[in-house]
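Lifted from Swiss-Prot, the feature list:
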type     : residues                        : note
ACT_SITE : HIS37                           : active site, proton donor
BINDING  : 30-37, 149-152, ILE178, 186-189 : ATP binding site
BINDING  : GLN61, GLN155                   : (R)-pantoate binding site
BINDING  : GLN61                           : beta-alanine binding site
Amino acid sequence: MITSAHIDDIRTQVRAWRAKGETVAFVPTMGNLHQGHITLVKEAASKCDHVVASIFVNPMQFGQNEDLDAYPRTLAADSEALTAAGAELLFTPTPAVMYPKGLEQQTYVEVPGISNVLCGASRPGHFRGVATIVCKLFNIVQPDVALFGNKDYQQLLVIKTMVEDLSLPIEIIGVDTIREDSGLAMSSRNGYLTAAEKAAAPALKQAIDAMAAGIKQGESFEQVTEQAKASLIAAGFTPDYLEIRHAHTLEQAQNQHQALVILTAAYIGKARLIDNLRFDS
């Protein structure tokens, strides 16, 4: 696998592939990779002739009092895992490469509406940071296809909306959440959990599963939400949000809506975990 921190190197290699009529898939990451990321890379390899990955801990998407400095950097292990999964080109830029004028002077991309609810309400500016860096990476790599995990459901919708609104010629593919045997969604932030917290953490998935089951049995949105919040608190979580939304727009769900998604974020110990469940009522 070729690794470079330089934009020109990435463009030169992609251009060489394009000259042969070959296709390119892209998997952007922040590193500290787990099996969910590796699944994205393997899926990417099945879609296109070549796979490009990136590792960049993006300062623009971290808010005040968030874990930018604490975010684990594991480049050697990540490189090995990416190579084994089929990536051929790895972009590892520094903040100076991506934001040469600094964050204050950087042009940014903001997707209105869906960026400001749920995680966007809890983490102001987060999705502006996500949209900006992903747009920049898309312009550098210029892939045919880009893959993202469905675990970050709101992020996936933000990126799909940005691509559609800006007429970017890229197919965005969401890939199913990879879970541990307990049901806990794989996440780099699971590393912050103590053994006791990790044992309690599957309650997050259990709560949203119970909500969906209740809705399908005719229980009200309010009823299933209150029951789920109580179960999370009993398990040791502090819920940030737990909401039922329209699956395509993230508008507040109405009884007549068929396509629904339950989204939650909750704190346990030092970790803020997210999960979701997409279903039809």
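Glycine too: its Cβ is placed from the backbone N, Cα and C atoms.
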Of the recorded positions HIS37, GLN61, GLN155, which one has its Cα closest to the Cα of SER188 (ATP binding site)?
HIS37
Check: min Cα-Cα distance from GLN61 ((R)-pantoate binding site) over binding-site residues MET30, LEU33, GLY36, ILE178 goes to MET30
Near GLY36 (ATP binding site), which residues of its own chain have a C-beta under 8 A away, given they sit six or more steps off in sequence?
GLY149, LYS151, THR177, ILE178, ALA185, MET186, SER187
So which one is it: of the binding-site residues GLN61, ASN150, which has the fewest other Cβ atoms within 10 Å?
ASN150
State the count of C-beta atoms found within 10 angstroms of the C-beta of MET30 (ATP binding site), not counting that atom itself.
19
On a count of neighbouring CB atoms within 10 A, which of the binding-site residues LEU33, ILE178 is highest?
LEU33
Find, for the listed binding-site residues GLN155, SER188, the residue with the lowest Cβ contact count at a 10 Å cut-off, counting only other Cβ atoms.
SER188
Rounded to the nearest Å, what's the C-alpha distance separating ASN150 (ATP binding site) and HIS37 (active site, proton donor)? Just drop the number here, would you?
11
Expressed in Å to no decimal places, the gap between the Cα atoms of LEU33 (ATP binding site) and GLN155 ((R)-pantoate binding site) is 18
Counting every protein chain shown, other Cβ atoms within 10 Å of the Cβ of HIS37 (active site, proton donor) number 25
